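Novice: These came from TrEMBL, pasted as-is:
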- Cys85: active site, nucleophile (ACT_SITE)
- His202: active site (ACT_SITE)
- 203-227: region 'Disordered' (REGION)
- Glu204: active site (ACT_SITE)
Amino acid sequence: MTVSVIQFGGSNCDRDAVRALEHLGIDAERVWHEDELPEDVTGIMLPGGFSYGDYLRAGSMAAQSPILDDVREAAADGTPVLGVCNGAQVGCESSLTEGAFTTNESARFQCEHVYLRVENAETPWTAAYEEGDVIEIPIAHGEGRFEISEDRYEQLVEEDRILFRYCDADGNVTEEANPNGSRGNVAGIRGDDENVGVLMPHPERATLPDLNGSTDGSGVLRGFETA
Ligand SMILES: NC(=O)CC[C@H](N)C(=O)O
């Protein structure tokens, strides 16, 4: 399997993603968004960065790129698709997942380590963990506050679509542990089907040993093997 990591103008985590995936023994290559997806694509990653300089709203311009039609088609056929940070924003803006990631409550760019509680361990992106596990992963975003209408939020909960919530080191989901004001402390969700997942924290920055002090993110990337 080779994961296609889609590079837009302004992506800046595409190389990191390839490196982290290859460290796990998962073949990966960068694909420029104006090029075709390989016919035999077996996994797609939308990486972090500042596509189109976050113009209008983070991820909104990249979501208009024609390659997103192919990504949506591949996702509907069951190809695993993971969006990380700006990739999560592109995922929401292109309707691969619901809701939106908007300006942090602090109105600042935040770069810090956070704890996440695994809410649903039955998806490829969380299967490496147990429900209730607490993992440590970095965030780096200015527009990471998850927003969605109350009705749709309730439905996400009912349908068990929430993958991760921000929590403290003991797994308590509290207001203090919410770095950006996300509704329900939501840090990551899945799409209509489990093969599509998005999250604001960066698993690829918590995969290589001795890089950031945590390798807890590798389980998320391993989803490409299990999906
Ligand atoms: N690290 C990233 O992917 C940055 C995400 C996004 N452009 C933001 O600042 O919200």
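Placed from the backbone N, Cα and C atoms, the Cβ positions cover glycine too.
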Novice: Note down the number of other Cβ atoms within 10 Å of the Cβ of Glu204 (active site), including every protein chain shown.
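Specialist: Excluding its own Cβ, the number within 10 Å is 30.
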Novice: I need the CA-to-CA distance for Glu204 (active site) versus the residue listed as 'active site, nucleophile', whole Å please.
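Specialist: Rounded to a whole number, the Cα-Cα distance is 11 Å.
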Novice: Could you state the whole-number distance in Å separating the C-alpha atoms of the residue listed as 'active site, nucleophile' and His202 (active site)?
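Specialist: Each residue's Cα considered, the residue listed as 'active site, nucleophile' and His202 (active site) end up 7 Å apart.
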Novice: For the active-site residues listed here, Cys85, His202, which shows the highest count of neighbouring CB atoms within 10 A?
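Specialist: For the active-site residues Cys85, His202, the Cβ with the most other Cβ atoms within 10 Å is Cys85.
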Novice: If you check the active-site residues Cys85, His202, Glu204 one by one, which have a CB less than 6 Å away from any atom of ligand 1?
Specialist: Cys85
Novice: Pull the DSSP breakdown for the region 'Disordered' (203-227) and write it out as helix, strand, coil residue counts.
Specialist: 11 helix, 0 strand, 14 coil
